[in-house]
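Summarising the annotation, TrEMBL assigns region 'Disordered' to 1-38, 501-536. Residues or ranges marked as compositional bias 'Low complexity' in TrEMBL: 10-36, 501-510. The transmembrane segment annotation in TrEMBL covers 52-74, 99-118, 130-149, 155-176, 188-207, 219-237, 295-318, 330-349, 361-378, 398-419, 431-450, 462-484.
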Amino acid sequence: MGRELGKVQQQNSSRRIISNQSSSSSSSSSSSSISNATAPAKMRQPILDERWTSILYTLVASLSYVTAGTMVGWSSGSIHRSIGSTDGTGTRLPLLDNWSISLAATPAIVITVTACVVHRCYRWIGTKAFLLTASLLAIGSSILDAYGACFWSASAGRVFAGIAAGIALTLVPSYVDEFGTCGQRRPPVDVLLATAFPLGVLLRFGADLFPSPSDPLWNAVRWAILPAAGLLGLLFLPESARYLCATGRVSQAVTILQRTHEPTDQSSLHERLAHWQQPGPGLLEAVRRQSNLTLLLPLLALFAFQAFVGAVPMLFYLADLLELAGQRPAITEAAVLLAATFTVTVPLTHYLPAAQRHHRPLLALSALSIALASLALGWHCHERRTRTLDLTESLTDWPLYCFALLYVAYGLGLHRLPAILLATEASDDNLFALRTIATAISWSSVYLGVRLLPVLLRTIGLGWVLWNMALVALFAAGIVLLCLPAQDDYAHKMLPGPRSTTSSVSSSSDSRAHCWHQTSPKEPAGLKASSNPELV
């Protein structure tokens, strides 16, 4: 019996050795085949390095954000010139007609619905196909706006613009994240994307300084240039690596990621590939799977405050609000100056040391500055309406200064810091779904603000509206100070929640990536991830 048992053990050990040798040979052959497939790509020297390639890809993708900004500026520049009503004293009030309010607010609610639909259908269609569709819809919206002579054609154009903006706002942030490197030379792709939206608003406001072409063809061509340029650029952009991993094409995803990631950053690609191959959660499931709900809920509430502090809804009616506040003549020039101030402020936050290390104080200071500007401007409007009989005698530049402070404060904090904090605190598996929820919350709040603002102006006046905005901004500052951690990296390390199966998979993949990086640092870890049978 002892001999037979020894024979069986020897046979089993020999079988293990043979199986290990066969598995190692198969894995080495698969990795060598993938490396041979990518060898010609490595031999060709690209025109741009990884950093400039990621910046170029981001600039092309951000054209859809510029188009979304022109959609917002269209309301202030086009509607108030053609449709206006007066309050009996000769002063034109912004968009008190229900049809006009519907035209202004329609894209916001369409963006909310589109974000949820895109998240549902993303794995069936892909990022590039969705963005190409958004560019085509934006071109169609420009044509309908130029040739539309009735409410229904204008409404259809606004719906197309809302769908295009909803697709871009949902997919472009995650798509741009794939271009960024993980080293110290990370390009400011998030800053480029955040600046694109106010730049679109500035372009639309700036166009009001020039006479509109009488021929609808030239008007359609003028506003179709941006989406057409985005359409041509998207034809040369690669497909999303996240979508390729989700559909099982890992080797193609590795090839695409190598274009925008430096060789020293290849070790982080294995972690990304491991996460992207896991099935993504739904919207509600992502909220349940996020560990720290006491931090997630205040972060999501900040996206509602983005609209209720009034900066974005006021862009729809900015020229009319300046007129109601008693701004001196040249209202259009003042609106363009405010849009330019907003556009320039956003990229400057990237170079502030406080914006890079301590987001919480800057966010609270931004909310307090918005409250201060709203209180001062509200008091000015109240005094103007109650103390002055002749409103033409109280024209001043004071509203321009208050609005400028409001948009500077909004550009420094509430415009981009909530998205940065959400990306910092959310896990990689839940980030895409949580961004979709944040987009839906933000633009549904914008819809409510755009719908309610003209009604509130008619009932309580601009002064009381601004005072209520100041209270909302103070409440936002209180939420920031009480509910957000003092250090941005504190919540993940000190307040862990229940771990799920995906977190255990990611931790094991991190340990394997670390071990593989130590054993063979010269070979990119992304190629090894594609040859691992557990991940493919």
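Glycine is treated like the rest: Cβ placed from N, Cα and C.
When each of 99-118, 330-349, 398-419, 462-484 is checked for Cβ pairs under 8 Å to the transmembrane segment (431-450), 99-118 comes out on top. Between the transmembrane segment (462-484) and the stretches 130-149, 155-176, 295-318, 361-378, 398-419, it is 361-378 that has the most C-beta pairs under 8 angstroms. Relative to the transmembrane segment (52-74), the listed stretch 188-207 leads the set 130-149, 155-176, 188-207, 361-378, 398-419 in CB pairs under 8 A. The stretches the transmembrane segment (398-419) and the transmembrane segment (330-349) are in mutual contact, each linked to the other by at least three Cβ pairs under 8 Å (pairs 6 or more apart in sequence). Highest Cβ pair count under 8 Å relative to the transmembrane segment (188-207), across stretches 130-149, 155-176, 330-349, 361-378: 330-349. Under 8 Å from some Cβ of the transmembrane segment (155-176) lie the Cβ atoms of residues 57-58, 61-62, 64-65, 67-68, 71, 74, 102-103, 106-115, 118-119, 122, 127, 130-131, 133-135, 137-138, 140-145, 148, 189-190, 193, 227, 240, 242, 419, 431-432, 435-436, 439, 443, all in the same chain and six or more residues away from its ends.
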